[in-house]
Amino acid sequence: MDYKQTLLMPKTAFPMRGNLPNSEPKRQEQWEEMDIYKQVQERTEGRPYFVLHDGPPYANGDIHMGHALNKIIKDFIVRYKSMSGFHAPYVPGWDTHGLPIETALTKNKKVDRKSMSIADFRKLCEEYALEQINSQRQQFMRLGVRGDWWKPYITLEKEFEAEQIKVFGKMAKKGYIYKGKKPVYWSPSSESALAEAEIEYYDKRSASIYVAFQVADGKGVLPEDAALVIWTTTPWTIPANLGITVHPQLEYSVVRTGGRSFVVASGLLEHVQTELSWEDVVVEKTVTGKELDYIVCRHPFYDRDSIVMNGEHVTLDAGTGCVHTAPGHGVDDFVVGQKYGLDVLCPIDDKGIMTSEAPGFEGEFYDNINKMVTEKLEAVGALLKLGFITHSYPHDWRTKKPVIFRATSQWFASIANIRKELLQAVANTEWIPAWGETRLHNMVRDRGDWCISRQRAWGVPIPVFYGEDGTEIVSEETIEHVSNLFREHGSNVWFEREAKDLLPPGFTSPHSPNGHFTKETDIMDVWFDSGSSHQGVLRERNDLVFPADLYFEGSDQYRGWFNSSLSTSVAINGVAPYKGVLSHGFVMDGEGKKMSKSLGNIVVPNTVMKQLGADILRLWVASVDYQADSRVSDSILKQVAETYRKIRNTFRFLLGNLHDFDPKINAVPRDQLTGVHAFLLVRLNELTKRMHEGYNEYQFLNVYNHFRNFCTVELSSFYMDISKDTLYIEHADHPERRAFQTVMYEVVTALTKLIAPILPHTADEVWENIPGVSEQSVQLTDMPTAEELSGTDELKAHWQAFMDIRADVLKALEVARNEKVIGKSLQASLTLYPNKQARALLEATEGLKKLFIVSNVQIANEGDEVPAAAQQFADVAVLVEKAEGETCERCWQVSNTVGADEKHPTLCLSCAQTVTNHYNDVV
């Protein structure tokens, strides 16, 4: 007789294999059709706002793993908040101006920039940027990131540019914008000034030279034959030398060696003596740096003086204590030079070519004249030593080529004037990790004024006009007019029209009596673009608020977007644009190495999604400690895919056993769920509480671990395992079966919501298969709440103690299996020899057979001797024997009652009764 039809086996349309690369795009099409983003916003309208403001990625190239990590975590946060009592809009953005797009056109697309006007070239830049945005948008959406993708903010859009001009105008009105000539980071490879945020440090091999500057007028302090010794790693700046700086409080020694007198800091004398191999050194006298002030030296090979000056920046960390000073090539040099009235000599052009102000080196690339300068110094007897060192040196973050300090006329945003307010804003912000506060505090404390001008074409113009006498013209009237022009026509209008056509109608100025005006040709630093987004996006969009609750980007943005946004917002608003700042580390390969084409270790998000699916990638993001550097590789992703498989199987089992369950009809009231069912609901409540804590603290690794452990430990290894006999074997409405189903319904509903921010595709797929749910998507529901359960301590204590005993029993069964005493656990009969405490526990626990998944359990009498074959544990000894009787064809338990019912000779009595009472029409 076939009893299969009397078994209630799992049934579900939820497949074992997710086939995510194929199923996810279909799911995303469904989200698009139903406009899930709009539905979520409408559902949560009226709730308190939670705004995560998107730091705009650069619109160039395919997304990489850093992009994926960043966008996915943002999605975790926004999805969770929208299911947890908040209105959480997410407006993605793109950063679109700057050199990389210019380079992409001229180098990759072979655009001849010189053959067209700036305005036409900028139009090509805009077209390229928009193409890149469309490509990246599809890739970000493929990650499952939910947002207002068809109404993003883009820094090249007219409205954004118009607001950026207003930010500039407000800062200018307050006196925070000025033009000045001073040394700035200059990139010869980009032919433009750079801000500190655009500098990266790499090792570079440089010449290291010691040079003697002969005293011309010792002022009675130094002998006329003495020479001050300087040390530098930039010989190419010697032609620009105008002075030597010493520290006023340091002691300097005048020493005689080899028939010559030299001056070095006393604290560095031993070091210099070793470096220059001086012998028979005699200290003739010591003086303070203050006494050396205004002593006159001669330039080694030009017919001009080099003045000795006092400066607090001189240290004893390296060199000689006498610092070669070229005001056109260093910030400290510039400051001390201004104090002493020196010229700002900078004999180098935009491309790094020496000019006629450096006689003998004109027309040479600056880095090539190091050797020429050294040879010249040697020829005149001024070179004391030539060596080479490898040191950390600033490079252009885009071109990866070295940068220089070069004095040029640039536009600056004053940091000094608002430094106090900036530091207060940093202190008022919540920083995660906490070290972020120290990091940005120190940057703000130490940074100079921000060079905001760039000598490029593709960017937002600096909205300044010039009168006939060269005076800068920027006023509320001109700013308002230019802003309105940009709002109507875009910033390209600046390059399409003459200055007079960009000024308000009838505009006059005493600086232009003839009515002639010119306009600024420089553009703004791209960090000013994205740094203005709090104005152009948070304040201007009706669906967002200022300040944002959270900025979340990579740790490189402390010097970038976090910094520029803070500067512009404090300047015009007096407060930071964010309440909190969260940062993440970088994505490395599986061995912790940086990904690079040369190493062949690059993991590409698009490839991962084609092979494994976006939810696997998202689960990987949840599985790493993202605040530090995280690792990814094919093998790591395979491990994550295995975890996903287990999670999916858990969902499938739960759904499969709800195929005949209607929560409105079949659910067992909560107060009637006792024993193991009540215990599991307590565990679910604890999980819910921990998951909320993890999400709220942005600790997604904790969320991942708690969820995974619940699925594998509480469910797969225990509750689901012990449920099978009841779910499959008992009749449909058996109270115990309905109890299991009720709990499983509660569990699957809660788990689906709890994991929805991390696995949105899978969660919606599960949601569709849960009986009785009304919402079209789990995204349109709220998170389960953790209840404050009272009176559960005793229940938890009982079941936790039982689980310890169960673990011992399972070990004993495993040993018996290995020793061939039994095959499957249902072939076992157990005799337990508990201690007093364990006895009370076991006697108070119903259904031991099902809890241990065996055919028979006996608790030995007190005082019974423990047989030698029993396995001894801390609280119980376990004797495993082969169960006596026959195996029931239907439930697979071994029983002496098999055949007791003549109609069903292969069934145990319990199964025979179930079949007779409930399945007479089937068999």
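Even glycines carry a Cβ here, placed using N, Cα and C.
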Handout entry: Among ranges 57-67, 101-111, 563-573, 761-771, whichever one Swiss-Prot labels motif ''HIGH' region'
Key = 57-67
Practice task
Using Swiss-Prot as the reference, determine which range in 324-328, 594-598, 669-673 is annotated motif ''KMSKS' region'.
Solution key: 594-598
Fill in the blank from the handout: Looking only at the binding-site residues LYS597, CYS888, CYS891, CYS908, CYS911, GLU553 (L-isoleucyl-5'-AMP binding site) has its closest CA neighbour at LYS597
Handout entry: Cβ-based isolation winner (fewest other Cβ atoms within 10 Å) among the binding-site residues CYS888, CYS891, CYS908, CYS911
Key = CYS891
Completion exercise
LYS597 (ATP binding site) sits from CYS908 (Zn(2+) binding site) (Cα to Cα, rounded, in Å) at a distance of 67
Practice task
May I ask which residues of the same chain, at least 6 positions away in sequence, place their Cβ under 8 angstroms from the Cβ of LYS597 (ATP binding site)?
Solution key: none
Handout entry: Three-state secondary structure, which DSSP defines for CYS891 (Zn(2+) binding site)
Key = coil
Exercise for the section: Please work out the mean pLDDT for the residues of the motif ''KMSKS' region' (594-598). Expected result: 80
Practice task
For the recorded Zn(2+) site formed by CYS888, CYS891, CYS908, CYS911, name the remaining residues of the chain with Cβ within 8 Å of the site's Cβ center, in chain order.
Solution key: ILE729, GLU889, ARG890, TRP892, GLN893, SER895, VAL898, LEU907, LEU909, SER910, ALA912
Fill in the blank from the handout: GLU553 (L-isoleucyl-5'-AMP binding site), Cβ-centred 10 Å count of other Cβ atoms over all protein chains shown, is 20
Problem - the motif ''KMSKS' region' (594-598) - residue tally per DSSP class, helix then strand then coil - result: 0 helix, 0 strand, 5 coil
